[in-house]
Every structure is written in structure tokens, then in C-alpha cells.
Amino acid sequence: MAEKPIGSIQRIVGPLVEAKGVTSAQMLELVYVGDERLVGEIIRINHDVAHIQVYEDTTGIRPGEPVYGSGMPLSLELGPGLIGTVYDGIQRPLEVLEAESGSFISRGINISALSRTKKWQFKPVLKLNDTVTPGLVIGTVQETSLIEHKVLVPPDIEGTITNIASAGEYPVDKVIATIKTKTGVKELPMFHRWPVRIGRPHKGKEELSIPLITGQRVIDTLFPIPKGGTVAVPGGFGTGKTMVQQALAKWCDADIIIFIGCGERGNEITDVLNEFPELIDPRTGKALMERSIIIANTSNMPVAAREASIYTGITMAEYYRDMGYNVAIMADSTSRWAEALRELSGRMEEMPADEGFPAYLPTRLAGFYERAGRVTNLAGTPGSVTVIGSVSPPGGDFSEPVTQHTKRFVRAFWALDRQLANARHYPSISWLDSYSEYVDEIAPWWEKNVDPEWRSLRNEIMELLQQESKLQQVVKLVGPDVLPDTQRLVLDTATYFKNAFLQQNAFDKIDMYSVVAKQVKMLRIILTFYHSGLKLIKKGATLVKIKQLPILSEMAKMKFSVANEEVEKLDDLLDRMRKTFSELELTYG
Amino acid sequence: MDKTSSLLAKREYNTVTGLDGPLLFIENIHNVGYNELVSLTDPQGKERLGTVLEAADGMAVIQVFEGTMGLSLKDTRVRFSGVPLQLGVSKDMLGRVFDGIGRPLDKLPAPMAVERRDINGQPINPSARDYPQKFIQTGISAIDGMNTLIRGQKLPIFSGSGLAHNKLAAQIARQAKILGEDSSFAVVFAAMGIKYDVAEYFIRNFEETGALENVVLFLNLADDPPIERLVTPRVALTCAEHLAFDHGMHVLVVMTDMSNYCESLREIATIRGDIPSRKGYPGYLYSDLASIFERAGIIKGKAGSITQMPILTMPNDDITHPVPDLTGFITEGQIVLERDLSRRGIYPPIAGLPSLSRLMKDGIGKGMTREDHPHLASQLFAAYSRVKDVRALASVIGEEELTPIDHTYLDFGKHFEDRFLSQREDENRDIDTTLDIGWQVLSSLPKDELYRMTEEEIQKFYGK
């Protein structure tokens, strides 16, 4: 990287540094600040003064020290070796950092994101004299036991191959292909650089019709999202945001998971780091770490790097999307990112809008969420990036700017509810405040692959939940006794549904993940209980009598007792339930 | 670096151009670094300390810890040290009392420092952390049973003025121990803007139990300069890090009262003209608090640990106020004290539902506490949550109208509060006792209400 002095420091305020005498810098150029060469980025140029946000602690930096330019924007190294690595917000591998500087992160350490010593088994796909266009697969590398890494022609290169490496073991920086382009000969190593703030190009966006299966019943059945969709998960502290994010990271059926711990707790990242290598993905039988990248910028790490971390994450996601993978990124939490934006904006003395956030907050949020989607990549294969962003509204108040603006750019919303969390009902996703605009687009998939009646079953239970919430208001005023049995049956059905279906124990071996077939069958059983119960009551039976049926306790425990491999047991339960009810019905003529 | 700093130390300026609250503006200076330590000589010849808040070509903004009262533009001399504010650390600090920036208050000479450290510390590399999962027994049922404290955790107490947070913190500091281990334990106590008698209460408490030789106290009292409060927790944590990671001690850091700390931060931010976000607090309050709370934890390959118990009083008991709110987002749970319980004479008045320990799940259960602990805690939460609903209902329709099962829950609620929650200030319950009491109160409910327990657990413990 060509580094040259471009100016000298004139002022330091926290993470913001002003440099004077800067004539040849670009906007958003990556720079090195001071004698210690702290990493920073130019965010404003005013005459010959450049404003730089510094990604490391600026203690001890003095006016007059030099600033070095790199000639390029903040970029990532994209190549084999990303999977299974833990990075900070500006793609420094934390494990290597630990080996270099010990348990605490010190400053001014510059290490490459991808190991230069590790060798990868490269298999060429293209041949000599092949014409290449951007995004084409030059060759492949088995990155982990799960992921075949495709070495791509970078998006800005096209021409004819004049040289290509034969199959063999190479480090990432070894030139594996030479390409003659209109502007000269380009040598391609196994990795390339891409600026984090620019979305990678693709051929076009596709329809979002394939659900992202998460194994979490409240999500898959009530508020599903598609591969390539966007969802916000808002909730005050202690409402289980991180639990939801982690459950998704563990169980969702994306090929690659990128987990961004943005301004969150250090111990949570450690938890992820401990669990992921040990947790086995139920679909592949391999450790989850074999398909995950973790970006950790905890709350005490520099604030500017926190701002960069979500771009780092989404750029990596796009890179794997371009290889044809389905990628899911979990950003926990976008509020911390917005706060980083606010902090930097404040230091730059910009005019604040709502609650001190800069006026460009919605633009930035939109820019981030719009990088999600299911696309045809440059090579013509499908790939997707799904974004699951958690939001931490201050005081749990959803009317604050970050939640409100986020709502404009996502199409699904999983509102976490404090009362549910207090009662330890997890996942604490509220069935009344949440929504998914994707239901209609996803329904055909469910109807084709799982159950033709999926949509009507789902709508029916949603309606019952609505009814129940209205009835609850009555109960709050006058108690349940005054309600007729038909209405109390609605209350009871909803209670069964909440306890036996919506509530899911993340630590129970069977319950932590439910296959789609199990979800629909469980739902059908609960609705059958409702219909049969209603019929009986109309014929004169009492609810008390119905509730004494022993089969109900089987229904209440079916989530624990029926494993994913034996869902046909639920058919048996359904049959027996129908039979029990019709036998009872006979007694009422 | 060292050479320049020793040169700089000799440089003295008297070019102060402005004074505003605790801030001092100075011009015509050279080579001053951001966050550098500054010493000033006031017109009376007394020494004061400060740090550089903003450094620019030829000028700097300095915050003065002791305040600017009595300073004048002409007669104030300013020296830059070339290094950030540091604390000389050593194991001899145990048993001593210091002021808010680490100078001895007990009339003894300063302990011999083995090393001088930047009080701002450095962030722990997340991949160097060890995940906290060792149970700390506090002897308090509401905590051990339902909001278990884990070694390396940061678990704040959210209180209100007039509630028993000091009593509770002192009881925890006295009783906390790790089962089956006999490792050295220390308490670092940081007081920010609290009253003299409160500080005295803690000191007396430590003295009575003979624990004082394992305690380090940093006291910034209510009448000390508020700006000093901004460094007190950092000084305390620097000391704690030394004890934990260099001497392998298990350190419990009690910091009280974080609300005062935040007030001071707001004060400085306002004077500097920072753009306020909520309730006048600066936008960086979250990052600032995180730089304190994230210093808790365990590091791989090192013997010691830092567990934090910050105490804050929620203004007007409002948990959505920015201070408790942002704290809750950083810490791993919270112990919330409830005025209603306190009014009814229940000690400790730990609110059942809003309290939470996030790290509890990995530190309890078979091999750690007891196999029935996770389900028991979950069942207690669920049942107590139902109690709250029933009470709300009863206040509308009257107790007579309740169903029989609702009445059972009311009884359970009473048992729970009187027997499980309540305990004496000197009562140290071991975990088995806590869990047994938990079962006793649960046994006032019929068996089929215990839907979060397994059959085996009910068989083994119900009604015993």
C-alpha cells in the first residue's frame, strides 16, 4: 500500500481529528494518523482541512504530528480465510491481535485481515485464453468442510486469461491468474479489495419467495421472512434481543452467517465464540463455526470502528452472495451503530435533528437495509443477503427515531415485549405488535412444500389471538367468570397456543428447533382442539368437562415430547384427539 | 516518547485565556497531546490536577478536577506531563483509603507503586475473554435463587432514593463467596458523590467483619469536586485490574452512585457545548459508561476476575430514565429494588419480575448449584408473574370474585414474599437452603400448576 504524508494534525477532540495542509486527499480515504499510525477515515474536507474519524483511541496524539494517506477508501480483503474468523469493526482479526498484543487491545497495530502464510488448495475452473467477465469463478478453494470458496474475477475486471495457476497449494497473495484487459495486464491473487461503503454490483434483484427457515415457531409460522428479506427486532434491555439473534444465528437455514456484535457486551461475544465451534448445525452435522464469520466491536472499543462494523459485515455478506450463497447477517445492535453516528456527528458540530441524531440517519439506514436482497449475481447464479437488525430503543419506547426510521426500510418487525420477557416467555416476540409483510409472498412455498392449508391455519390462529386480546380487556374489568364458555374456550385455546407453541425453550434439546412439518402439525392440533371444543360446547358440554380430558396435557407437552425426526407421532396425536372428541360428542347426542 | 515527556514536564505556561465552570482554556502552548495529564499551580501556590479535553494547534481545553474556583488568568501556572492520568498500582493498596483520583486519605504515605498505569485502561480483546460461568453465592435468596451472580459479571443494583441499596451492597460484599474454592477475594469500593455517613457506613461494615484489609476504598464524597467523579471509577478499576490480573485475586468492584457520575458527565458536556441527546445527557453517555462497565470480566490464562456491582438511584424511580436505561443495555442484567416491597417492610426489596441475571443460565444447574435450579427459577418467575396479574385483577373486581385457583396464587404470592424474598440483614443462606425454601413456597400451588418443572423434579422435591 502506497503511504505518503498528506498533512499534519491541527486539532484533536475524542475520536475526531482535524488535519491541515491536506490538498490531495479523497473523501472517505483511509488514512494513518500520527506517529503511532492510528487507522482513520476522512469524512469531511473543507479547503485544506480534512476531518478524520479515527478507529482507535486518540489519547496522547498531538497537534503537528503527520497524517499519511493510503490513496484508497476503507476496504476489506475478500478471499479464503474469512469464515471462522473473528474480526473487529475494521477487519482486524482479533485472535491474531491477541497473539500480537496480549489480552488487551493496544493501538497502531496493522495486521492483514487474511493470513499470508496459510496455504489453500486451489482448483482452477477457467483455462488459458478464456474470456472472463466480472464475477466469473476463476477457481475454487475448500474454505471449510461446508463452504467451497469461489475465487471470483473482481467486479471491475474483464478480459482474456493469459496465465492461470495449476491446481495446488498457494497462499492468498499468490497470483493465480493473469488477465489481459483493455487497460493493461492485471495480476489476480486469490483475494481482492473492495470498499466497504459501496455495494457490490449484481445483475438484478429477484422476487423474495423462499422463506428463511429458522426453526423458531413464532417466526416461521406467524411472522416469516424470506431469504433476502429485512427484519428489525426492537426491544428494550432484558427483553431477549440477543437470545433471538443467537437462536437465529444457530438455526436459520442460510449457508453463511455473519454475526455483527456492534457496540454490545464483550461477554456475549465470548459466549458466541465458545458456543459456535461446539454447536452442531442440525442440517449439515458440522460445527456452526464452519459457516460463520463474527465481527465484534464491543461497546468499549472505539466508536468510529463501531460505525464501520456493519458495513464491514454487509460487504462480506455480498461477497459470499456473489459466489451464489444465501447469507444471513445479524446486526446486534443497529441502535449502537446509530449512536456512533450521532457521537461522531456531534463532535463534528453538525446540526442535530431528532434526539441529537444527524439528519442523514434515515439515508444511512436505508442505504444499509437496501443492500439486502435476493439477486442474480454477475456470474448469473442466485444468491441472497438477509438482514436481521436488532434495535435497542431507549426505555423500550418504539417511537424513538432509530426504531421509527428502521420501520420504514424493513418489511418485517418482530417486536419484543417486556411483559413476556418478565414472565420468561421466550422468544418474547409479541404476537400483537409484530408483523411480516412477506406472508403473501412466502405462502405459496409453504402450501407447496409443507401443507396446502398453511395460510388459512395461520390466519385463523392470528384471528383467535386478536379475539383473545379483546376478551382479555373484558376479563380485566369483570373477571373471566361472566364470559360464556365459547368465549372462554377462545381464552384457553390462546393460552395453549402461547404456552405449547409460541413459547420455545432455547436450552431444551428437542424444543430448541422445530422442523416446518412439526410446526404445522402442532398448529393443526391446537386448532382442532378449538373446533372440536366449540362443537361440543354448542351441543351442551361444559368447558370444565372438556378441560379434564387427559389428551390435553399431551397437547401441552407435545413440543418437548415429539422430536423432529418423529413428527408422524403428531398425526397419531391428532387422530386420537379427534377420536376422543367424537366419542364425547356421542354422549351429548 | 519518554524523552519528550521529560522535556515537557519542565515546560510551564501562564497563558490561560479563559475559565468556565471546571474548564480552563489555554493558548500559546506547544506539543500538547489529547487526554494528557496537567498539573496547575493556583494563585495560592496549591497544586491542582486536570486533563486535556481538546488539543489544537497552540491551544487546549483542560478540565480541572478540583474545580476552577480561585484560579485567575494571570497567576495560574500550567504544566503538561506528556502522559495521560495514571495511577501507581501495587498490592499494598489493599486496606487503604484514597480520594477520588487515587491520593491517600488515611494520612499514610502513598503505597510504593510497582507500575504506573493509564487509568483509562485498554479494551479487553473479546477473543481473550473467558466466558463467566462460576456461581457466586451471595447468601441472598432473591439473588442466588432467581438472579444468580456470576464471577466476572457486571450486575448493577437499580435503586431509588431511600431504598436499602447500601445495606444490600454491604451484605453482598460481606457474604459473597465462591463455593468449594478458597482463593483470595478483594473488594474495591468506589464512591462517587455520596454522603460522608454513607461512606462511613461501608467502612464500619468492612471493619466489623474484619474484611478491611482486603478492601481498597476510593472516596469522592458529595462535597468533593464533581469533575473528580469522572475519574474515580476508572482509578478504582485500574487498581482492580492490577489485583485481578497481576495478583490473581477475585475482585468485586462496588461503585456507588453511578447516577452522580452521569450528572457530572452531563455537567461537563453542557459546559463544553456538546449536543445533548436525551434529558441533556451527551450522545456519548453509552460509550462512556461502556468504557467503565466493560472492564469487568475474566481473561483466559489469568487467575483472577473482576465482578462489578454498580449501584445507581433511578431518578423518580423511573427505569426508563437514560441512566438506568443505558446501564441496562451494557450490564448483564440488573437487580431492581421496589418501593412497594420496601414500604411493606420487606428486606431485601428485590423486585421479582424486572430483575434479571443474563449470565445465570450457564452458572446454575447440575454440578454447579443443583439440578432443579433452572426450572425452579423459571417456575418461580412464572408463578410470581401470575400473582401480579391476579392482584391487578383483584384490585378491580375485589378478592371475593376471584376463582379458587387465583386465591391459591394470592397465597403463594404471600408465602413467596414473606419466606423466600425476605431475610435478615445478617442471614446468610446457602444455595440449598434457598432452593429448599423455593420448593416450600411452590408447594402451596397444586402440582399441575408447575408446568415448567419435570415430573421427576416434582416427584423429588414437591411438598418435601
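From the backbone N, Cα and C atoms, a Cβ is placed for every residue, glycine too.
Noted in TrEMBL for the protein shown:
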- A:560-587: coiled coil (COILED)
- A:112-197: domain 'ATPsynthase alpha/beta subunit barrel-sandwich' (DOMAIN)
- A:215-436: domain 'ATPase F1/V1/A1 complex alpha/beta subunit nucleotide-binding' (DOMAIN)
- A:445-544: domain 'ATP synthase A/B type C-terminal' (DOMAIN)
Kindly state the mean pLDDT of the domain 'ATPsynthase alpha/beta subunit barrel-sandwich' (A:112-197) in the predicted structure.
94
Long-range CB partners for the coiled coil (A:560-587) (under 8 A, at least six residues beyond its ends), listed in sequence order, are 282, 505, 508, 510-511, 513-515, 517-518, 521-522, 524-525, 528-529, 532-533, 535-536, 539, 541, 546, 549, 551, 554
DSSP on the domain 'ATPsynthase alpha/beta subunit barrel-sandwich' (A:112-197): how many residues come out helix, how many strand, how many coil?
0 helix, 46 strand, 40 coil
In the domain 'ATP synthase A/B type C-terminal' (A:445-544), how many residues does DSSP call helix, how many strand, and how many coil?
76 helix, 0 strand, 24 coil
